[in-house]
Amino acid sequence: MGNKFNVAVLCLCVTTLLFSLVTSASNDDGMRRIGLKKVKLDLDSDPDERLLARVGFRGASALWSSIKKYHHRQIKLGGSEDIIALKNYLDAQYYGEISVGNPPQKFTVIFDTGSSNLWVPSNKCYFSLACFFHSKYKSSQSSSYKANGTSADIQYGSGAISGFFSYDDVQVGDVVVKNQIFIEATREPGVTFVAAKFDGILGLGFQEISVGNAVPVWYNMIEQGLVKEPVFSFWLNRKPEEAQGGELVFGGVDPAHFKGEHTYVPVTHKGYWQFAMGDVLIGGEPTGYCAKGCSAIADSGTSLLAGPTAIITMINQAIGAAGVASQECKSVVNQYGQTILDLLYSDAQPQKICSQIGLCTFDGTRGVSMGIESVVDRNERQSSGDFRDATCSACEMAVVWMQNQVRQNQTKEQIIDYINELCDKLPNPMGQSSIDCGKLSSMPIISFTIGGKTFDLAPHQYILKVGEGDAAQCISGFTAMDIPPPRGPLWILGDIFMGPYHTVFDYGKQRVGFAEAA
């Protein structure tokens, strides 16, 4: 999600299938279809390559500590000019081919609903290692190039890209968008983009989050009459036994890829495809965390499903995911657990409890870190890993967890024991949590309430399996990410959710729709 969250990038070696060659078809119905095809992954190739994938590609670079290596197979693109190859690299990067300029210069890009700019590497990128490993745009070789020159910077959690704006024709499938503004990236610092399987990003979000207020490709598709309707939709086929990998449709929806009717919810904040979400359920039991409402975004550029640490930890505890124990969490529970419970039983305002016991300050809506404003203390906090922030966060999580247990009429002893278990299940700093592959059948359904309807995720849908047989490893598809109020709590419904549920992005009616995928 360009220019937004500081998210930990996860290295997702999560499947033995890889997406390859695709045909982009335009039928008489006026819709532009971009299909995906699967082939078997060659597990013996490139054993030491490191994929810097992500919760979204924009997070900080990290590798799964539980997985030492993984493999991929490069799939060759082919076909005529009307063919666009979209591939799913290890269920972590969905990307496909576009071209820029005349004659066409080909690039692979992420089709990302969480950002709005189009950028590709420039041949004027001299000093970034990533540019040497990817295709580069050469304006001097395009007859349709028009100069702009305005500088542009996009900050991601793991680094940034910078460059300048230019204009040229952009071909997506069998349609050509004329005079499209895009960024020629001249700097791609860090290692995130070095190992990425894509060259650039094609954002499908709203212009409101577009760097430089650049008009997105999707807007120009509509303006230039290249699509029948101002709607696009994603179908991601997560069934490994089937050859077809999925389909991105510009200009409508394909009824063959969903069952029943879509549940639509209005976009509540233009920028990302953001909407209101109701409560989260574990095994059919409400958690209460979003009982008063949360915000969520549907993001094709995110591999997993991300949410607030407090509730993600509850989910991972319920499904048996094992993370790294948080001593800070246990320390808070051991020292203040009884006090927190007493305050909850006395009907104290939950958002004020951590400030009442001196672990946070209260800003009028929530507890915040007790940081002192002097430069010396600020530096000490930074060098110690923001200890006070960790203590405040641990307290706030404990309050949320205890509230949930109090509602279930658990005893104080039961509650303290349960909270300590949750502390043990806190994910490690990179966010991953492992699962016993043999216990999938006993894991609960995790549900999300959207538009008054409950959307269930079964264990086989939210668990990512790496390898086969005794060597198989299973990974939780739920990862923690905290966005504070007023923008948060915020949930990111990535491919873990968009796989089971066909997703419609209706720009004309400013809404997002979900239906069971067929």
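Note: Cβ is positioned from N, Cα and C throughout, glycine not excepted.
Annotation comment: TrEMBL describes 1-25 as signal peptide.
What TrEMBL records for 94-515 is domain 'Peptidase A1'.
Annotated active site per TrEMBL: Asp112 (among others), in sequence order. The Cβ of Asp112 (active site) has 26 other Cβ atoms within 10 Å, all protein chains considered.
The Cβ neighbour count for Cys131 (disulfide bond), using a 10 Å radius and every protein chain shown, is 22. Residues or ranges marked as disulfide bond by TrEMBL: Cys125-Cys131.
Summarising the environment of Asp299 (active site), the number of other Cβ atoms within 10 Å of its Cβ, over all protein chains shown, is 29. Annotation comment: TrEMBL describes Asp299 (among others) as active site.
According to TrEMBL, the feature domain 'Saposin B-type' maps to 324-364 (among others). Helix, strand and coil counts under DSSP for the domain 'Saposin B-type' (324-364) come to 26 helix, 2 strand, 13 coil.
According to TrEMBL, the domain 'Saposin B-type' annotation covers 388-429 (among others).
DSSP states for the domain 'Saposin B-type' (388-429), grouped as helix (H, G, I), strand (E, B) and coil, give 34 helix, 0 strand, 8 coil. When the alpha carbons of Asp299 (active site) and Cys125 (disulfide bond) are compared, the span between them is 29 angstrom. Cys125 (disulfide bond) has a Cβ environment of 22 other Cβ atoms inside 10 Å. Confidence for the domain 'Saposin B-type' (324-364), expressed as mean pLDDT, is 83.
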